[in-house]
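Worksheet: one structure, shown below.
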Amino acid sequence: MLKFFKKHPPKEGEERERLKKELFKFQKCVEHGFPSKPSALAYDPKLQLLAVGTKSGAVKVFGTPGFEVSANHEGDISVTNLFFIPEEGRLISACSDSSLHLWEINNKDGTCVLEERKTEGAESLKVKNLSTCCLSTDFSTLFVGTENGSVHYIDVKSLTEINVVIMDAIIQNVTDDYKVNPGAVEAIANNPANSEKILIGFNRGLIVLWNTKENVSEGNFKATQQLESIAWNRRGDEFISAHNDGSYITWNARDFTEPKEQAVTPYGPFPCKAINKIQWKMTKNEPLIVISGGMPRASYGDRHTVSIMQGDNHVVADLTSRVVDFLTINRADEKDAIETDRDDPQALVILAEEELVVLDLESESWPCFRLPYLNSVHSSAVTCSQHINDIPEQLWQKLIDAGDNQCKNFTHREWPINGGKNLVTPSVSKDLLLTGHEDGTVRFWDASNSSLRLIYKLSTAPVFGVQDHTSDSHTPEEEEWPPFRKVGTFDPFSDDPRLAIQKLALCALSETLVAAGSAGQVLIFNMERQEREQDLKEVKVNIMSDHEGFVWKGHEALSCKIDDLKYAAGFQPTCIMQLDPPAACTALALHSEWQLVAAGTGQGFALLDYAQKKEVATRCTLNPNDLHGTSDTAMSRRKSLKKSLRESFRRLRRRRSEKKVKEDKPKKDDSQTTTQHIEETTTAAHSAAPAATSSTTGAGDCKPEERQVEARSGDDSMASMVRSLYFADTFIVNGVTHSPSLWVGTNGGHIFVYNLTVPASDKRTSDYVSCLLAKEIKLKHRAPVLCMAVIDGKNNVLPDAFEVINERAKAPDMESQHSIIICSEEQLKTFSLPNLKPRWKNKITAIDGARLRKINFVNFRREADTYSEFDIACLTNTGDLRVYSVSTLRRQLTSQSLRKEDINGISSFVFTKDGQGFYLQSPSEFCRVTLSTTTTTGIPKCELELAEGLRPPPEVREDAATATSDRPTVEITPASEEQSQTAQGAENEGTIVTSVRTITQTTTSTVSESSASATQEAHRAVTTVTNGYKEVDEGVTDILKETQHEVTTRTSEFVTKTTEKVTHTGEEVLKQLSELKMTTAVIEDPSLLKQKLVESVTTTSSSSVITTNGEGELAK
């Protein structure tokens, strides 16, 4: 029995089950970044809300920073058009299957939600091949044009068809040459001064002025070029048409004979591309014309542009991705009165495929706004990310100041889209999300709330003499035509793939940043407030110095420019470590108190003292049999079949001989050697508790069936890759003296433990740091070592030294025994220190076949008090998020969060220290989740205030209204889901509704009655008990007898504790009864339940305490 308890951690009881619910809960918070594949854009000028639709069917609505709602269409459809119904908080989406959907923004549960209210498919609407849409200026009708030339009138409130006008009726008064085949309806525009008149534009260039009230044509306009877009002026007396030859034409709405002005080709006379969309806005000065496209086909046909023209002012906004749509935000539209002849545009919103750009039209030279959300996180492809919470105010302000200096070309005006209300109070804690990119930049994002905002960007390219294109001036060339101006931040091209950032580490308290790249470069930065010019120190470290025959076949190292470099305020480089061979960095660790940096690659690792800018130690982890030239990936080696077979037999003989030597070799005392080698075995003494894999239900003490997991080959060329590096001040040599240490884990399950000697602070610059190998651990299953952490006797992970010094964390317990938790892809295992004796093990892959991909040690807190504990948060290759206890390695939570096919999402996942997670759900978008009940800062909490009477009253069902009357409810919820469904299915008028449901080991019970007489009896019974502690009236027994026939299934084993609460809504009397013991007999014998109720009420009344779920609360 004693041996069993040594192998198995203690079983979790009911108290632990209750604590799990208070600590762990999976929630999807919000999506940060730019929506993938946007396809539609809309704006509500009254409520000041912006909506974006995507090809995947998503609809996202944004307002003031912090206001965000989203929803998805059912099925595999894309959004083609979006229209807001101003002031109502409603919008209509038209989709690729010609269906229409009506959405509402509603306040619910402390936040806003986007709910679909109505859906009409193409069959019910009789709309086939929808080509264009237009919302009437009185917002009552949606005009839908089709490919066959007809126009449908759709009622906005009901999404029903009011009328349809076929093409033959529209073109009956047109000349014969346009009657043959006018083409699809390309554009529809409603007259802003008269909602009864619309322009219907056909593909071949025919434009018809149609009276929707009389259903007659008032005239037609004929253009010689293919039509692309139409726009009215605000007065409604003129309009402008754009064509596929890059020209636009101005027309008088009353003159059907010829245009008011001849066609204008802004970028002619040579052939130009089509103008895809045109807008014509009136200002107090000259009219403003905005067009997309129209560039000279030969010279600039590959450009993605939006041109802004107003008199002599002319700017061509040059983007790096295709323009999807654009719109202007007009001050006149925000007002109730529309008698003004001016639109007064204040901003231009451009939606491109990869980013959103907003230009300020009220400032000189039309600068861009800084985006508070919808930032393009993939301006350059994201290669790594890191989250740092609780940033000191001093560092935060330095980052803000440095970021403001980088944005001098942006407008200082307030963000124009500020609808809705953000209910979240400003966060006290400042959190950062760091992203490393393919172009060598590191971006700092404000992740303190639900809006992800860029605050600072650091580029490593200038250190290597590469120009940083992203910091170029945004002013156009003086003599260039067209007058291009680069706008936006998306840049899919990288000058050198070796610049890509692979690993990041930031110590916010010492203001030290380390960035490691794809060519073995490791850069150390310090934060500075002032611009400085300094010389850099480059430390070249050869990991393969002991292997002279090694030849590197990969890319060369970047050449550093270390002399006379001027660096702007912000993070400035102080030292560069260049690893040789220049392979991509695979692991990184920073200890700012000791001023040490460790970096690992596929060939080994190096330790750098950046205080003295000196190499401390290196080690090659390559297999001696595999010391050939390698690159970042395993290269194919052309060998003959004969040679390959010969080597295979040699390896087989070598393994057999080694195994025989091991069996014959006598045991040797570890104390006789300076380095301790631990070879993991699978004997009973070392096999820890299989019970550690039990689920949150606590059921199942028997050992689960284990899969046979084949050990990986030690000759794998990828086994040498360093996967994890960890600094810790713990007990390595003996259990009395603790010392600095470095732990190195490889892809082949090999762990090296180094004992470090770090000089005292007064001798730090003079004495050297020493590094000696103390121990080695070889995991039998040879799985990659992903993460390691030392825990003290109180099961707390050792905090960073600066956190203790700055009183941000409690000092670790250095009196009791420490343990090291080693997390590999296949299992979690705890070793005691310093003897490295195994304590607990959870063989994850052997139990359920999953492999761990991302791991972090997280501090979970309880909201009710100051209780907190450390646990292990994991993400598996199947997309499951799991939480394991640090003390017992038992599973605490499992939640399916990602699809197992989402390889990019799984590989990009990063955990935070407070239980959140970030991953790329698309190349441009981070998804934010949380596993903690208390860490919910990323969940939007907002509301939308609407004027009364704008929406029709909600439909109220008669039965729902009856249910909310004075009738009380009494529900009893014992043991199984099937009983609950059976009871609900037997519900009849005037009977008791009883549901039965088991949630883990605790069952919540309520009693319900739907007749007025039962209300009086139940109320009288409870009143009798609470006032005089007398026997409960016989009415309670009658109620329970009526309930008995609802329970058709008996549970063989019932929960030992149940919470009972009786709710009386008739007299607004609320009493919650205390915990009571209950067995199957309680269900079978109503009188026994009555007795328990009497005892419970008596206890509750006498103590004046209401007990709910085992927790006391003062009665009100």
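Just so it is clear, glycine is given a Cβ too, placed from its N, Cα and C backbone atoms.
Taking the repeat 'WD' (79-107) as a whole, pLDDT averages 95 in the prediction. What TrEMBL lists as repeat 'WD' is 79-107 (among others).
Per TrEMBL, the feature domain 'Lethal giant larvae homologue 2' maps to 264-367.
The feature repeat 'WD' is assigned by TrEMBL to 432-455 (among others). Summarised by DSSP class, the composition of the repeat 'WD' (432-455) is 0 helix, 15 strand, 9 coil.
The feature compositional bias 'Polar residues' is assigned by TrEMBL to 622-634 (among others).
Positions annotated as region 'Disordered' by TrEMBL: 622-715 (among others).
Per TrEMBL, the feature compositional bias 'Basic and acidic residues' maps to 660-671 (among others).
What TrEMBL lists as compositional bias 'Low complexity' is 672-697 (among others).
The feature compositional bias 'Basic and acidic residues' is assigned by TrEMBL to 702-715 (among others).
The region 'Disordered' annotation in TrEMBL covers 949-991 (among others).
For 976-985 (among others), the entry in TrEMBL reads compositional bias 'Polar residues'.
Among the features that TrEMBL reports, compositional bias 'Low complexity' is placed at 1097-1108 (among others).
Marked as region 'Disordered' by TrEMBL: 1097-1116 (among others).
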*Going by DSSP, how much of the domain 'Lethal giant larvae homologue 2' (264-367) is helix, how much is strand and how much is coil, in residues?*
8 helix, 51 strand, 45 coil
*When the repeat 'WD' (79-107) is classified with DSSP, how many of its residues are helical, how many are strand and how many are coil?*
0 helix, 21 strand, 8 coil
